[in-house]
Amino acid sequence: MNHDGRDDIKIENDYDFEDYKDRKKKEEEDGLSLERVFENQEVPSWRNQLTLRAFVVSFVLSILFSFIVMKLNLTSGIIPSLNVSAGLLGFFFTKTWTRFLEGSGLLKQPFTRQENTVIQTCVVASSGIAFSGGFGSYMFGMSEAVAKQSTEHTDAFKNPSLSWMIGFLFVVSFLGLFSVVPLRKIMIVDFKLTYPSGTATAHLINSFHTPAGAKLAKKQVKVLGKFFSFSFLWGIFQWFYTAGDGCGFASFPSLGLKAYENKFFFDFSATYVGVGMICPYIINASVLLGGILSWALMWPLIDTKRGDWYPADLKASSLHGLQGYKVFISIAMILGDGLYNFFKVLSRTLAALFFQLRGRNASSALPIADHSSPESSKISYDEQLRTRLFLKDQIPTWFAVAGYVMIAAISTATLPHIFHDLKWYYILVIYIFAPTLAFCNAYGCGLTDWSLASTYGKLAIFVIGAWAGASHGVLAGLAACGVMMNIVSTASDLSQDFKTGYLTLSSPRSMFVSQLIGTAMGCIISPSIFWLFFKAFKDLGTTGSQYPAPYATVYRNMAILGVEGFSALPKNCLYLCYGFFGAAILINVIKDALGKKWARFIPNPMAMAIPFYIGSYFAIDMCVGSLILFIWEKIDKAKADAFGPAVASGLICGDGIWTLPSSILALAGVKPPICMKFLSRGTNSKVDVFLGS
C-alpha cells in the first residue's frame with residue numbers, strides 16, 4: 001500500500017510483489033534468465049519505441065482513466081492502483097491494432113514490450129494529473145462552493161476556470177521530471193533501489209509478451225469486457241430512477257432508515273465494489289471501522305452536547321458546530337498518520353543513503369548520470385544487459401538542469417498572475433528546496449513504495465499560509481500545496497518509470513519523453529473532464545451531494561487552520577484532535593513494532609479518517625468487494641488471483657465511463673423519468689416510486 005501524494009490515500013501495487021520477488025530469487029538460484037526468453041527479439045531504438053499508435057492508444061486510455069480517477073476523487077478520495085488495467089488494456093488495444101495491420105499486410109513494426117512500457121508510462125502520467133492536479137483537493141478547495149461551507153474566510157476564493165487551470169498545470173507539472181533525471185543512474189543502477197510498484201509493472205508487461213502470458217492476457221481482457229458491459233448497463237439502469245434529490249439506488253436505505261441517516265447503507269456502486277476487490281482487506285476494514293467509530297458512536301454523542309459545546313442554532317455546515325468536529329478530527333488523524341510516515345520514510349532514506357555512501361571507496365566521486373559504473377564480475381546476464389542498455393541512451397545533465405531552471409523561471413513569473421496571493425518569493429523558496437525534497441521522496445519511494453507527496457503539500461499549506469498571513473494565507477497556502485505536490489509526485493513517478501524501463505529494456509529517453517507527453521496530455525484532459533463535472537453537476541462539492549469532494553473541504557480547512565491557528569476550532573475540539581493525532585501515531589508505532597505477521601491486522605489511520613467526514617456508505621460497498629474476493633479465493637485461489645483484478649477493473653471502468661454520457665445528459669437538461677425514494681411517515685416506512693417532472 002502506498003500513502004501517495006497524488007491522493008491522500010492511494011492504493012498501489014495491486015500485483016503481489018512479494019510473490020514476484022520469491023519467484024525471481026528462485027529463478028536466479030536455478031540459473032534462469034528472463035532476458036534470454038527475449039534474446040531473439042531486437043530491442044528497438046528509443047525513437048522506434050515512441051510510435052504514433054502508442055500515443056493514440058495512450059490518449060484514448062488517458063481519457064478513460066482520467067474519468068475514473070476524477071469520479072473517485074470527487075466522491076471518497078480513495079483511488080486504487082490502475083496499473084494492471086492500464087497495462088492490460090494498452091496491450092490489448094495495441095495488439096488488436098497490429099494484428100489487423102498484419103492481416104492486411106500493412107504492419108511495419110511489431111508490437112514490443114518497450115512500446116507497451118511507453119503506453120503504460122504515458123497513461124499513468126496523464127491520469128495521475130487527475131489527482132495531483134488537486135481537482136478533488138487543493139484546487140477545488142479554492143472555489144466559492146467549498147468556501148461557502150465554512151464560516152471563516154468565505155470571501156477568499158477563486159472559482160475554477162478552464163484557462164487558468166490548464167495554465168497552472170503546465171507551469172508546475174514538469175519541474176519534478178527534470179529534478180530527478182540527473183540522479184536516475186544513482187538510484188536505479190548504483191543503489192539498485194527496488195521501486196516495488198515499478199518492478200511489479202515491469203514483470204506484468206514482460207509476462208504479456210511471452211506466449212503463456214499473452215494467452216492469459218487475452219482471457220483477462222474478455223473477463224474485463226464482460227464486467228465493463230455489466231457495470232456500464234447497471235449505471236444506465238440506476239440513472240432512470242434518479243429524477244429528484246435523494247432518489248435512486250444510491251440513496252437506498254438498505255440497512256434501515258435510521259442507519260441511512262447516519263450514512264450506513266449499501267449504495268449499489270459498482271465502482272466501489274471494484275475498488276474493494278483491489279484494495280487490501282485491512283484498508284476496507286479500516287474505512288468501515290472509522291465509519292462505525294465516528295457515525296455510530298462519536299457524532300451522536302457530540303450531538304447531545306448541542307447548546308453546551310456549540311450553539312444549538314448553527315447551520316449544519318458551520319465549522320463551529322458538529323461539522324467542525326468532523327472536519328478537524330479527520331484532519332488530525334490524517335496529519336498524525338502522514339507526519340509519522342514522513343519521518344519514518346525520511347529517516348530510512350537518510351540512513352540508507354548514509355550507508356550507501358559510506359560503503360563506497362572514499363576516494364571515488366559520487367556517480368552522476370553521465371558517468372558509468374564499475375563492472376562487477378558477480379552481475380548476472382540480465383543485469384549486465386539491462387545496465388548496458390539503460391546507460392546507452394543518455395539524457396545530458398546540463399539539459400535537465402537547464403530545463404528545471406527555465407521552467408522554474410517561467411513558473412515564478414507566471415503563478416503570481418494566476419494567484420495574486422502567491423508572491424513570487426514564496427514560489428522561489430519552494431523551487432530552491434524542491435529538488436532536495438523531490439530526491440528524498442523518489443529515494444524513499446524506491447525503498448518503501450511510499451510516496452509522501454501529499455504530506456509535503458500539507459506542510460507547504462501551513463508554512464506558506466502562515467507566512468502570507470490572515471488576509472492572503474488561505475489561497476496562497478492552497479496554491480503552494482499544488483506547486484509542491486506536483487513537483488515531488490512527478491519525481492517519484494518518473495523514478496518508478498525508469499525502474500520499469502530498466503527491467504523491460506526500454507530506453508530512459510523514451511521513458512522521459514513518454515512521461516513528458518503523458519503529463520502534457522493530462523494537463524489538458526484532466527481540467528477538461530473536471531470542467532465537465534463542474535458544469536454538469538451544480539451541487540459539486542456540497543456535503544451530501546453525489547460528488548461531495550471531501551478532500552476539498554479538508555484541504556481548505558487545513559489552510560484556515562494554518563492561518564487562524566487553534567481559534568478556528570469549536571469547544572473541546574482541540575483536545576479531541578490531540579487525542580486522535582496521538583492515536584494515529586500510536587497505531588503506526590504498534591503496527592511497525594509487531595512485524596509483518598501481525599501488522600496486517602492493525603487498521604490504517606488515514607483510511608479510518610476518511611469516513612469521519614463523509615460517512616461509511618462507500619466502505620460498505622468496498623467490504624462487499626472484499627467479501628466477493630475472499631469467497632472466490634476460498635473456492636479457487638488461482639482463478640481469483642488471475643482474474644480478480646480484471647473483474648475489479650471492469651466494474652470500475654464501466655461505471656466510471658458512464659459518467660461521460662450522464663454528464664452530457666445533465667448539461668443538455670435531460671432528466672431521468674422516474675424517482676424511487678424511501679420515505680418515513682410516522683412509525684411506518686414505505687418506498688415511493690413516482691414519475692419525475
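From the backbone N, Cα and C atoms, a Cβ is placed for every residue, glycine too.
As recorded in TrEMBL:
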- 50-72: transmembrane segment (TRANSMEM)
- 78-97: transmembrane segment (TRANSMEM)
- 118-141: transmembrane segment (TRANSMEM)
- 161-183: transmembrane segment (TRANSMEM)
- 223-241: transmembrane segment (TRANSMEM)
- 272-297: transmembrane segment (TRANSMEM)
- 395-418: transmembrane segment (TRANSMEM)
- 424-447: transmembrane segment (TRANSMEM)
- 459-492: transmembrane segment (TRANSMEM)
- 512-534: transmembrane segment (TRANSMEM)
- 573-590: transmembrane segment (TRANSMEM)
- 610-632: transmembrane segment (TRANSMEM)
**Study point:** the transmembrane segment (50-72) vs the transmembrane segment (512-534): 3 or more CB pairs under 8 Å
**Key:** yes
Practice item. For the transmembrane segment (161-183) and the transmembrane segment (573-590), decide whether they are in contact, meaning at least 3 CB pairs lie under 8 A, counting pairs 6 or more apart in sequence. Key: no
Practice item. Compare 395-418, 459-492, 610-632 by their Cβ pairs under 8 Å to the transmembrane segment (424-447) and return the stretch that comes out on top. Key: 459-492
Review point. Are there 3 or more C-beta pairs under 8 Å linking the transmembrane segment (272-297) with the transmembrane segment (610-632), counting only pairs at least 6 apart in sequence?
Key: yes
**Study point:** Leading stretch by Cβ pairs under 8 Å, where the reference is the transmembrane segment (459-492) and the options are 118-141, 223-241, 272-297, 512-534
**Key:** 118-141
Study note, to complete from the structure: Tertiary contacts of the transmembrane segment (512-534), defined by C-beta under 8 angstroms and 6+ residue spacing from its ends, are 46, 50, 54-55, 58-59, 62-63, 66-67, 70, 74, 118, 121-130, 133, 135, 140, 160, 162, 165-166, 169-170, 173-174, 177, 181, 395, 490, 493-494, 497, 540, 547, 659-660, 663, 667
